[in-house]
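Trainee: TrEMBL lists these features:
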- Cys180: active site, acyl-thioester intermediate (ACT_SITE)
- Arg81, Gly82, Gly83, Asp84, Ile85, Thr86, Phe87, His88, Ala149, Ile150, Gly151, Gly162, Leu163, Ala164: substrate binding site (BINDING)
- 36-220: domain 'BPL/LPL catalytic' (DOMAIN)
- Lys146: site 'Lowers pKa of active site Cys' (SITE)
Amino acid sequence: MEMKLQRSIEIWKMGIVNYLDALKLQERLFSDRKAGKILDVMLSLQHPPTYTLGKRRTYHNLLVPEADLKAIGAELHYTERGGDITFHGPRQAILYPIISLRDIGFGARKYVEGLESAMIELAALYGVKAHAGKVGETGVWVEDRKIGAIGVRISSGITSHGLAFNIDPDLNYFKHIVPCGIPDKGVTSLRRETKMELPSDELIHEQLIQCLARIFRFSDLQWKQEPSSLDTGELK
């Protein structure tokens with residue numbers, strides 16, 4: 001009888017985390033994963049209101065002066081992920097997998113398609129029919145309204161950054177950008193699209209993680225509460 005390989009991943013449930021702290025943590029975990037010091041990890045969190053630009057630095061898709069962002073309670077940060085400008089904020093499910101694609105046998109395209117599939121499966125749990133975007137339209141959509149964004153970085157076969165799925169964020173923040181650089185398209189949320197009563201954000205995070213774990217063939221999920229890693233000075 002053939003033995004099935006059990007793949008393990010640590011899930012760090014982190015609550016609301018400042019974007020720069022999460023970025024530093026990703027960089028440290030990426031280095032450790034690349035060096036083989038740790039196994040695969042996935043960060044599950046939310047951010048305070050934050051706009052991020054990808055490595056193409058498409059400033060023209062920010063529709064208000066950077067100096068005005070403080071007045072609306074938001075920050076702007078620059079990243080080395082792919083994709084265009086996007087918004088992160090409370091009531092989003094944000095997942096940052098730091099995993100070895102070689103170990104799970106995925107290429108870059110199959111990995112991104114896996115992120116899309118997980119968000120599509122999650123939406124379907126609540127009766128929402130979502131789909132991947134057309135060519136040039138990254139992320140996951142409900143008709144022509146975007147419900148999930150993807151921006152990844154892959155280096156040496158190790159992933160960082162990831163996805164953001166809109167549970168019930170303040171959609172007014174999206175009015176200040178051209179989301180993901182795609183004009184004339186709307187943004188939506190699970191709350192806006194479903195007729196069902198939603199459970200807690202934490203449960204929806206966990207459902208999204210379960211979808212992703214199944215697609216990436218992780219059978220052993222090790223759940224950890226990890227706010228302490230941001231309080232101990234490890235990121236300095």
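In case you wondered, yes, glycine gets a Cβ from its N, Cα and C as well.
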Trainee: State the Cα to Cα distance, in Å, between Lys146 (site 'Lowers pKa of active site Cys') and Phe87 (substrate binding site), rounded to an integer.
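Mentor: It is 12 Å, counting Cα to Cα.
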Trainee: Sorted by position, what residues of the same chain at least six away from Leu163 (substrate binding site) have a C-beta under 8 A from it?
Mentor: Ile94, Leu95, Leu115, Ala118, Met119, Gly148, Ala149, Ile150, Gly151
Trainee: Of all the recorded positions given, Arg81, Lys146, which residue's CB has the most CB neighbours within 10 A?
Mentor: Lys146
Trainee: In the predicted model, what is the mean pLDDT computed over the domain 'BPL/LPL catalytic' (36-220)?
Mentor: 91
